[in-house]
Amino acid sequence: MENDVTGRRQHNMVVHTPKVSTRWTHGVLVFFFFFAFCLLTTQVTGDCLHDGQRYSNQSIWQLTRCKVCTCDDPVPVCQNMHCRDPRCDYSSGQQLQVVDDECCPVCVDMGRPCLFQGQPVPDKTSWTPSHCVTCACDDGEVRCSRMTCPPVTCKPGQVSQSLPGQCCPRCLPSGRPCRDEEGSRREDGSEWSPLPCVLCVCRDGHSKCLPRQCPRPNCPQEDVVAPGPGECCSRCKSQQCNHHGQVYQDGEVWKTDTCTTCLCHSGAVHCKTHLCQRAPPCQQDEMAVSKPDQCCPQCLQKEGACEMESIRRFHRDIWNISDCEYCMCHHGDVQCRTLVCPSVQCAQEEVLVQPIGKCCPECITPSVCRHEDQTFQEGSTWDADACTVCTCIEGQVRCYHKACPLCPDGQSRVTRQGQCCGHCEPVQCSPACRSCVPGDSNHCTQCRDAGRLLQTGRCVDQCQDGYYPVANNTCLACHSTCKACIDGTKYHCTSCPPASLIKDGQCVSHCGSGYFLRNGQCLGKASVIFLYHDFIIPLLANSSRFRLVGS
């Protein structure tokens, strides 16, 4: 008996389906929706990427002393912490102090003040009367100690020197000074940037200026766009976001208002809005107030507001007018106090610094960089090879490489040890080579045909498996785990060896939790909709019991 058929028009298509489904049809649909439900409800947390660090969904971290962030997959939402007047009893000797890395000042009980060189000093404060001496007031008694410096062993071409304002000596270059492009004197070992992406260094009377090295963008060549204003390296256009006419880079976070935070992630804008209570439950003498820099209203006292520099403050509000001065609103009166710094004793490997934006000095361990199994101090510069200069900036290695001019046709570059570009010499190369390795006419260093690619000394029409093309018409080797790739790291694979599976651009032995296997690929929960369109719909459409008829 034939089934009755009903029809409905959707998107210029008439879909005819039977009123009574067969067991097979039910099986396919039930399987798909059960699978999608299980996958979407699996407890696989998302994550956020912020300042190069990855955080799990709903985790909380302190970005700065007064800013706390929460991961709301995939948007990192950061809010400033707000302090309240701690109500110190100044008449009994209490003082304001910011303890360790806390944001808000607290009340500390002070002992007897000290007298140093005829000047009164509050208790529990520290100061540095000279570069190598630190003093502290301890309940009326001044205690001073001399800093101990670690032993210094300098490399050849360096000399140990004590710089003005510093206690311990450092290893500094001992060569001749240079003159920069404007004729100004530059000391040996100094560095400067005449342009945003160029680093110049002085080496024993000779200045060397090199462009910054940039990693290849992780996208096809046609998607690469030139650096923007103030940038050095190219980006992927498809990973940029356009939000209300403003262009944001991949990974950039911004706020559209006090309650909404947005993130640009791989070309898509993700926004999260914090929802507030309609009206917080306030006491009879309080009222709900929405401050300009806060998302949700809070309960504040109706009486006792203060005005300072045209800004309205409320009772028990506290704010800083400088790094060391805090003001408080107390029943309509503004009272300002100066922070008292705690005494600080640095360990031998630490240095005492005055951080920008903070009142009190702190002990820090200087950042270091690791490069080719060597350790370099923060701010140091070194020659990685004859053509490359690297510098250590905030614990990150940044390298600048000199580009050598091309040799004329029929000549090849010859470099000797310690040289960067060397010189060009005539050489007889095979017809496919524009230049070749001296002594090996078949080992090309450049191809004569500009449309061909150079791969391990041979000119080829396209990169073979295990290699990928780069901008200078060269094929570079993929990571050893990849069969094919678009870049040289293990996270840029496009296909894998037979025994491996591809998962988010990486070749792995198994998919792991939250992923399912399809055609050698590990797909996540976001791929369920693609499974529906790519598998379920074609499967149903090709069934003899379902027909898709064009209008």
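Sequential numbering from 1, following the chain as shown.
A Cβ is built for glycine as well, from the same backbone N, Cα and C atoms used for every other residue.
Among the features that TrEMBL reports, domain 'VWFC' is placed at 46-108 (among others).
Marked as domain 'VWFC' by TrEMBL: 112-172 (among others).
For the domain 'VWFC' (176-237), DSSP puts the residue distribution at 4 helix, 23 strand, 35 coil. The domain 'VWFC' annotation in TrEMBL covers 176-237 (among others).
Taken from TrEMBL, the feature domain 'VWFC' covers 239-300 (among others). Across the range of the domain 'VWFC' (239-300), the DSSP-based residue counts are 1 helix, 30 strand, 31 coil.
As a summary of secondary structure, the domain 'VWFC' (304-364) carries 0 helix, 28 strand, 33 coil according to DSSP. Annotated domain 'VWFC' per TrEMBL: 304-364 (among others), in sequence order.
Annotation source TrEMBL lists domain 'VWFC' at 367-425 (among others).
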Leading stretch by Cβ pairs under 8 Å, where the reference is the domain 'VWFC' (46-108) and the options are 176-237, 239-300, 304-364, 367-425: 304-364
Leading stretch by Cβ pairs under 8 Å, where the reference is the domain 'VWFC' (112-172) and the options are 239-300, 304-364, 367-425: 304-364
